[in-house]
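Here's the structure we're looking at; comments come further down.
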Amino acid sequence: MRSYRCWRKVQETIRLYSSSSSSASSLLEFVNADFPSTIGIRGRREFARLLQLRASDDLLHYQNVVHGQIIVWGLELDTYLSNILINLYSRAGGMVYARKVFEKMPERNLVSWSTMVSACNHHGIYEESLVVFLEFWRTRKDSPNEYILSSFIQACSGLDGRGRWMVFQLQSFLVKSGFDRDVYVGTLLIDFYLKDGNIDYARLVFDALPEKSTVTWTTMISGCVKMGRSYVSLQLFYQLMEDNVVPDGYILSTVLSACSILPFLEGGKQIHAHILRYGLEMDASLMNVLIDSYVKCGRVIAAHKLFNGMPNKNIISWTTLLSGYKQNALHKEAMELFTSMSKFGLKPDMYACSSILTSCASLHALGFGTQVHAYTIKANLGNDSYVTNSLIDMYAKCDCLTDARKVFDIFAAADVVLFNAMIEGYSRLGTQWELHEALNIFRDMRFRLIRPSLLTFVSLLRASASLTSLGLSKQIHGLMFKYGLNLDIFAGSALIDVYSNCYCLKDSRLVFDEMKVKDLVIWNSMFAGYVQQSENEEALNLFLELQLSRERPDEFTFANMVTAAGNLASVQLGQEFHCQLLKRGLECNPYITNALLDMYAKCGSPEDAHKAFDSAASRDVVCWNSVISSYANHGEGKKALQMLEKMMSEGIEPNYITFVGVLSACSHAGLVEDGLKQFELMLRFGIEPETEHYVCMVSLLGRAGRLNKARELIEKMPTKPAAIVWRSLLSGCAKAGNVELAEHAAEMAILSDPKDSGSFTMLSNIYASKGMWTEAKKVRERMKVEGVVKEPGRSWIGINKEVHIFLSKDKSHCKANQIYEVLDDLLVQIRGVS
């Protein structure tokens, strides 16, 4: 009778518990069909099934009501129902109740332990999950099955590396018991090892599985892609196909991602064929990944055709193609596609707006960018960090820093990306005010306790390089260490550049040597620093180190090396580099052509320079300037003028550097009238004369003896004359022997550059040439008092591809004693011959 009364109450509960009349009636039919037989095991199981049917859409309150009824009926000690209650409470978010049910169970079977461990995992309580499992392991009456072992592995995986040793210890048990060959356990082990970054262990488990499910293949392939082993993921995919496993959309999508990363166009085409073969072309998400693969492999036309053929395009499809246009620098096409989105009634999301704003920035399309900005405000996308960052970048690149700052001030939160965008915008323009504003933004960033990233410091280093502030650069470098940031390629290159610009090549080399990973960008930065600071020998020695490394020199490397050879006037070295360029097929690069022209000109070989010019694949204004300067340096003014005429006849407009070469050619050749004409021609082209042009004109007039006219030209300069302009006049005075004007020119040069020894030396030599020894002595004494040191003359010689430098009275060479002995012997022989 007790059982009968209990099941009458169960029947009433079922009627209340079921909201759908059809489901309730069907349940009642089952219970009424053969009531006495349902009182036993069958009845309990059916009641459990009823609870599960309603678990998906029931509230926690109803779980408590049913639980209460179970207690009233005296069924709370039933292990089967308790297991179901734990599961139901877990799904409803009532882990407190699930835990109480579990703790009050007098007997727990394997399902009880598995359910509780799984419930803890479901709610992310991985530590408690491990505690429950370890309690089961300590008091186990039943042998573990694949479900509880899998739940344990999931818990260890959720601990982010802290459960590594537990899995290692469990591994031996799995091997002994044979569970390591279970596809379910094995798949979770593979997932754990991949998340732990241990791809080798994951591969061992994967290869040992006798049978692999689609989930197993998916886990292994996607894990390889996430860990940057895209090539391995492709190999696994081909192995999957050989095993006649039919890949699902997720596997194909993952492999396509690998093809995009590599990039591997042929692989993408093969996956495309599989998509068509298995009839998955209607899967929009898969087709979106295929479009992304094509655009990342540079096949934008194929991606566009695929896009046009999609019957069910969604916003992601449009955004993917839009991003592809941006990545391939097809910014006009991106703008047209963005416009088409509105015609089709689509509302661009934050990613589409971010992509199109980047295209606007690249094209300096301020008007279109402003319209997109208006749309983001209307669509309430302005608070998104991607959009805000792109807006700041767009306005900054369009030279509208005021608008960029407005966006920053309105939306800036504790987001390092936005601060980086604003600092980058100010640093890019390079004027004093903008550079100081970049530093102010950084100070505000630190005041708000926002942790800077490496990109922050790269932008700041660009600002300090423009300011040529060594102290600021060292402070920034120190802060990078303080924040514990490791130098990457960009930060290392920026540090090398800034120290080189501040004439601190030792610090540049320290940064270079400390870089654990050096790519060619780092090497080229160091080469450029040495060449810019005339440390050409160091550049050549470093090139020998590069040849011993894994990196291979590119056109920028050889451009620096050819320039270094030219600065050393070593035609032999220059020709060796030229031969290497021919072997590598780099001689057609415009950077290389210009460097070769300059090198041959400095080495006194204008004929070879002209040959390099004639063999150039394309001649830009820099190339023409180089050959004109080559003729100028060798006093062939007429040829330089002829090249200028030929240049203009080919439709290439000269720039201010062109006229520096032309005026220099006229000066060296004594072509005064031609020089004056070219100076006027420069003004017709709208080129304002700069210091270099005035130096050439003063030199031209000074060599012709027109010193007063040269002085008048200097006094008419719109800006304060630099020291080099006065030194040019001083040189003319030395040739003409005009002491009075020389004194004036020297004083003006010294006022402009007090530490330059050239002006003192030239004035002293003028006095000496006139026999004014007292005045010459006073100049030398003044140099000592003012701490002006004349840079000693140097000479160099290349022996066995090694450059040896010698200074006046220098004994630092390792074989100095032998060298001076030979020199003394030569002097004795010379005197004997004379």
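Each Cβ is built from the backbone N, Cα and C atoms, and glycine gets one as well.
Ranges compared are 26-56, 150-180, 615-645, 801-831, and Swiss-Prot records region 'Type E(+) motif' for 801-831. Mean pLDDT of the predicted structure over the region 'Type E motif' (725-800): 84. Residues 489, 492-493, 496-497, 499-501, 503, 505, 508-509, 512, 560-561, 563-565, 567-568, 573, 796, 801-803, 805 of the same chain, all 6+ positions outside the repeat 'PPR 14' (519-553), place their C-beta atoms under 8 angstroms from a C-beta of that stretch. Helix first, then strand, then coil: DSSP counts for the repeat 'PPR 15' (554-588) stand at 27 helix, 0 strand, 8 coil.
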